[in-house]
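Asker: Below is the structure I would like to discuss, written out as structure tokens.
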Amino acid sequence: MQKIIIAIDGHSACGKSTLAKALAKELKYVYIDSGAMYRAVTLYAIENDWILDEGKEVDREPLIENLDNINISFNYNSTSGKSDTYLNGINIETEIREMPVARAVSAVSKIKEVREKLVEFQQKLGKNKGIVMDGRDIGTVVFPDAELKLWITANMEVRTARRYKELIEMGSHISVDEVKQNIEARDYEDSHRAESPLKRADDAIDIDNSYLSKEETLHEAVRLVNEKLLSIS
Ligand code: CDP
Ligand code: CDP
């Protein structure tokens with residue numbers, strides 16, 4: 001069976017990675033979480049004290065000078081059954097999901113040099129196809145020729161409630177309002193930056209999963225994949 005590239009984009013906490021992971025498992029494709037890469041670079045900047053003004057600003061020069069010292073990799077975790085993110089050989093899967101990283105990641109991800117490095121890495125990972133990648137610019141910049149592009153949406157209340165539940169389960173002490181503010185701030189920053197802003201690719205197919213379960217969303221995506229595979233075979 002022919003292998004394709006599936007690009008999944010959308011705003012924060014709309015269900016992209018949940019769908020991308022399930023779809024990759026179903027198709028026996030590789031799943032790549034591009035957001036985890038921006039989060040890893042952000043953690044590196046936090047560890048080096050290059051994040052200023054509570055996450056709004058970045059001390060760009062030292063970060064850009066040290067980009068070659070940032071090595072990101074993914075390894076399968078047999079306990080969780082998921083792939084964990086590593087920064088220079090250290091498992092950072094938990095830290096990158098926490099609020100300090102969430103607060104600063106949009107400021108880091110608007111830096112052109114950071115994007116260039118990560119996009120090159122992402123394109124390398126997709127060169128043999130058979131990949132599902134989620135993020136903000138996958139269908140527009142990373143894989144503009146992806147055979148299937150999905151644009152995932154869900155309403156703000158649903159997104160906030162889902163992300164809040166996730167953070168509380170991780171042991172985070174956070175309010176619903178803080179979660180909502182972070183989602184709104186990142187949506188704004190990610191959509192208004194100069195470099196590869198978040199936007200729907202013209203040829204993307206929309207899936208609104210506000211009222212769909214994870215299984216229903218996966219079912220719809222599999223249907224779209226099969227339709228695509230039939231049309232190009
Ligand atoms: O999980 P959530 O949707 O909240 O975020 P994420 O996918 O982990 O991405 C974290 C941040 O990384 C986003 O808010 C963007 O600032 C940045 N990002 C990006 O700029 N381009 C991508 N392809 C993926 C993420
Ligand atoms: O990757 P993105 O930030 O777009 O969202 P996600 O991490 O896939 O989903 C955010 C949260 O919503 C996760 O805790 C998912 O388990 C949950 N979710 C859900 O409850 N129902 C769905 N249909 C999709 C996601």
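Keep in mind that glycine also has a Cβ here, set from the backbone N, Cα and C atoms.
Sharing the feature lines straight out of TrEMBL:
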DOMAIN    6-226  domain 'Cytidylate kinase'
BINDING   Gly10, His11, Ser12, Ala13, Cys14, Gly15, Lys16, Ser17, Thr18  ATP binding site
Asker: Within 8 Å of the centroid of the Cβ atoms of Gly10, His11, Ser12, Ala13, Cys14, Gly15, Lys16, Ser17, Thr18, which other residues of that chain place their own Cβ, given that this set defines the recorded ATP site?
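Answerer: Residues close to the ATP site, other than Gly10, His11, Ser12, Ala13, Cys14, Gly15, Lys16, Ser17, Thr18: Asp134, Ile152, Ala154, Arg159.
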Asker: What count of other C-beta atoms do you get within 10 angstroms of the C-beta of Lys16 (ATP binding site), across all chains shown?
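Answerer: The Cβ of Lys16 (ATP binding site) has 26 Cβ neighbours within 10 Å.
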Asker: Just checking, which of Ser12, Thr18 (binding-site residues) has the fewest C-beta atoms within 10 Å of its C-beta?
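Answerer: Lowest Cβ count within 10 Å among the binding-site residues (Ser12, Thr18) is Thr18.
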Asker: Of Gly10, Ser12, Cys14, the binding-site residues listed, which put a C-beta under 6 Å from ligand 1? Please answer none if none do.
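Answerer: Correct list: Ser12.
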Asker: Check the domain 'Cytidylate kinase' (6-226) for me and report the mean pLDDT.
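Answerer: Here the mean pLDDT over the domain 'Cytidylate kinase' (6-226) amounts to 97.
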Asker: Name the secondary structure element type, per DSSP in three states, that contains Lys16 (ATP binding site).
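Answerer: Reduced to three states, the DSSP call for Lys16 (ATP binding site) is helix.
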Asker: Under 8 Å Cβ to Cβ from Cys14 (ATP binding site), same chain, six or more residues apart: give me those in sequence order, or none if nothing qualifies.
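Answerer: In sequence order, Ile152, Thr153, Ala154, Arg159, Asn209 meet the Cβ cut-off.
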Asker: Give the sequence-ordered list of residues that share a chain with Gly10 (ATP binding site), lie 6 or more positions from it, and have CB atoms under 8 Å from its CB.
Answerer: Lys16, Asp134, Arg136, Trp151, Ile152, Thr153
